[in-house]
Amino acid sequence: MKNFSFMRLSIWFYLVIFFAYLLGPLVIMSITAFNSPGFPRAAPWECLTFEWFSALFQDERILNGIWNSVLVGTGTVILSVAMGLAGALMLTQIWPKLRATYYTIIIAPILVPGVVIGISTLVFWDRVNRMLGLDADSFLSSGLFLTIIGQSTFIASYCMLVLVARLQRYDNALTEAALDLGASHAQTFRKVLLPFMRPAIASAAVLAFLASFENYNTTTFTFGEYPTLTIELAQKVRYGITPAISALAFIIVLLTVFAALFNEAKIRRQELVAAARKTATVEELETGKFRLPGFLSSNTAAVLLVVVAMATIAVVGTATVYSPAQCIADVKETKRLETELRIQELLQRRADEAARRAAEEGEQSDQAPATDATPKPSNDSGFGNVFNPGTLQDGGTETPEEEPENSGSGGVFDPGNLQSN
Amino acid sequence: MSAGVGVNLENLWIRFGDFVAVRDANVNINGGDFFSFLGPSGCGKTTILRAVSGFLEPSEGNVLIGGNNMKGIGPNKRPTALIFQNLALFPLMKVWENITFSMEIKGASAKERRKRADELLDMIALTGQGDKLPAELSGGQKQRVAIARALCAEPDVLLLDEPLSALDLKLRQHMRSELREIQKRVGITFIYITHDQGEALTMSDNVAVMRAGVIDQIGDGKTIYNDPNTAFAASFVGENNVFRGTVKKVIGNEVMVSTNRSGDLMARISSNNVGKMKEGDDAMLFIRPEAFALAPVGTQGDHFVTAQVTKEEFEGNVFNIFMEGEGGKEMKVSLPNLGQSFESHKGEPMTLEYDVHNAVALPAGVLATE
Ligand SMILES: Nc1ncnc2c1ncn2[C@@H]1O[C@H](COP(=O)(O)OP(=O)(O)O)[C@@H](O)[C@H]1O
Ligand SMILES: [Mg+2]
């Protein structure tokens, strides 16, 4: 009995840790999107603000990146799903004997590093372009074309895996039945096989779009004049990030939640409808008296969906009227006071020290840097700091006593750090 | 009814690599017949059906439908409709869409299709269930939808591959008469496959008995039951008691077999084997359980059998008596229940007599294994 409850406790503990690990970064990132400081951080909480969202929507490059990502994503979805379906059909129907070999070949692109795919795409199509005697700005060397082609080489393999899984559950007798009833092969494909594959095609399309949207490794070689969102973000981060990126992340998370809830609600609804139809009598079905269950009844996902939608609307509504100006002014004032206080302290300490040294050695040193430093509040959360090049830039001018706090891994990569040391 | 379209198999061979699935089949199926292929599982029945419907090209020989050679004609161009062993209803289409799939292919309007579907649904007693999905139907209902779907294509020949095997016993018996009923009504040729001899005998005009790719006998049910061509047909169709031995004497259409266990017994030679059995040949003698009658214990003669009773069973319409038979196999005797009184003879010897005409002698051969 005791063991049992201990087991349960540890399972719960594990689950909490696991989900914290999975979702923690996203939650923190989302929170930073609503905090007013110019660098994304969740604590200390200063002022609730929506300005990062408007900053995001005014950032031409980000918007353009999103648009390019959508273009590339759409192209990749079309190409990969088509190629994936062809591959899956080939694998399950046409060459059952060569299955193993064929499978290995078609899976290979997943195993090849994205970087290699990017480079080889670039090299290969450049060759083709030259062989055809086309200009450097021909369609074949356009960033859009290359990125779609490059990403599709391996995304098509993902799609194929998804589609093969569904195809393996396909009963070939259905194809034969359709042929037997007089359908041509094309009609059989269109009216029987394709509808059967539809859910898998939808999954593959979503997967392909997401894989394309988040791809960086391959795209970085091929994007040309079509920088995607990931490319833009990567370039931006080089110059330091703002909570506008958190805002973007938040929007993406929210969209994901919406999509997941919507999907869940839809599946649940289909189940409910199927169950209701099964119990319905013939007369009910015939006379149209048959009532479908309400959309929200016993459908948790649907309820959650509505709640989240309402919350979003409420937040957007608030955002349009809410102004954090007063709060920001207050915080500024507090900060100023704090800073002044600390400067006083510092000066005092320095003066004391100077006096002590003078007394001991009779010698002056000017090792302490500028006195107009604005030290940060020392209760920064570890999280904010690690990813915070801005802090480090400040850090250069901070007092030595506060230095160790910032020497996380983030410091290693920060150019500002180098400058100041 | 119209004469219907006949089907002929001429010297049909079907091989899968080295394996011969169908060996030199010659079958003439009359138009409008209910014709069954009967044989144990794996004997090549489905293979023959697939050759007729066009999913398989014969290795040798021809399939003729309505006198036309079907060589090179695909399944979607043949006047056949196949009812699959697993039915193969389209899971995502509603019942009415399933039924009228063949019309959709030809571009019929939804209204026409709906109308035809309603007619067919009436015929299969599923009125008003057209908007259900196949998964929402019971086994017997699915079965009937599959039949309606095939009939909607207006085939000249309907092919059925063990369509009742997935149903429970009650439903199977009901569907037997229903299928026969439908066949009479539409008047087209039915080719029916089954491993259940009861199904074959009750429904068919003619039956082909198959064994391992070979057709042993073709005939109507009565002929196959009473006058089997081979030991296999005798033992596969219905229950039968076998007596092994050698031919002692041939007297016209009758033969005396000296059996290993029950002495010399007389039997009629199966009509296909008259003149083919000679003295000294290995022979098998078959007597049906219902062909026996009780005789005074110990009676000797060429149509009396004496053996120890091992088990007795009351089945209602008959008393079954099991006696020590050949090779450890029990011999079964079924005596009709006419209200007479039966005493138990368990463990005692019992003597039975039979009419020589009801015993069939055949050249020794492979028996069906139950
Ligand atoms: N496509 C095939 N390839 C190889 N062997 C096959 C194939 N189809 C059927 N067979 C073999 O042919 C024999 C007859 O099969 P089938 O016609 O399905 O028997 P049944 O009488 O049970 O319907 C079986 O031994 C089966 O293994
Ligand atoms: Mg079969």
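Cβ from N, Cα, C; glycine included.
Automatic, uncurated: that is what TrEMBL annotation is.
What TrEMBL records for A:12-34 (among others) is transmembrane segment.
Among the features that TrEMBL reports, domain 'ABC transmembrane type-1' is placed at A:66-263.
Here TrEMBL flags A:66-91 (among others) as transmembrane segment.
Residues or ranges marked as transmembrane segment in TrEMBL: A:103-125 (among others).
Outside the transmembrane segment (A:145-165), and at least 6 residues removed from its termini, the chain residues within Cβ reach (under 8 Å) are 72, 75-76, 79-81, 83-85, 87-88, 91-92, 106-110, 112, 114, 117-118, 121-122, 125, 139, 197, 200-201, 203-205, 207-208, 211-212, 215, 218-219, 221-224, 226, 228. Feature annotation from TrEMBL assigns transmembrane segment to A:145-165 (among others).
Annotation source TrEMBL lists transmembrane segment at A:192-213 (among others).
Marked as transmembrane segment by TrEMBL: A:241-262 (among others).
What TrEMBL records for A:301-322 (among others) is transmembrane segment.
According to TrEMBL, the region 'Disordered' annotation covers A:352-421.
The stretches the transmembrane segment (A:241-262) and the transmembrane segment (A:12-34) meet in space: the count of Cβ pairs below 8 angstroms, excluding pairs fewer than 6 apart in sequence, reaches at least three. Recorded stretches compared: A:12-34, A:66-91, A:103-125, A:301-322; the one with the most Cβ pairs under 8 Å to the transmembrane segment (A:192-213) is A:66-91.
Beyond the ends of the transmembrane segment (A:301-322), by six or more residues, the same chain brings 48, 50, 53, 254, 257-258, 261-262, 264-265, 268-269, 295 to within a C-beta distance below 8 angstroms of the stretch.
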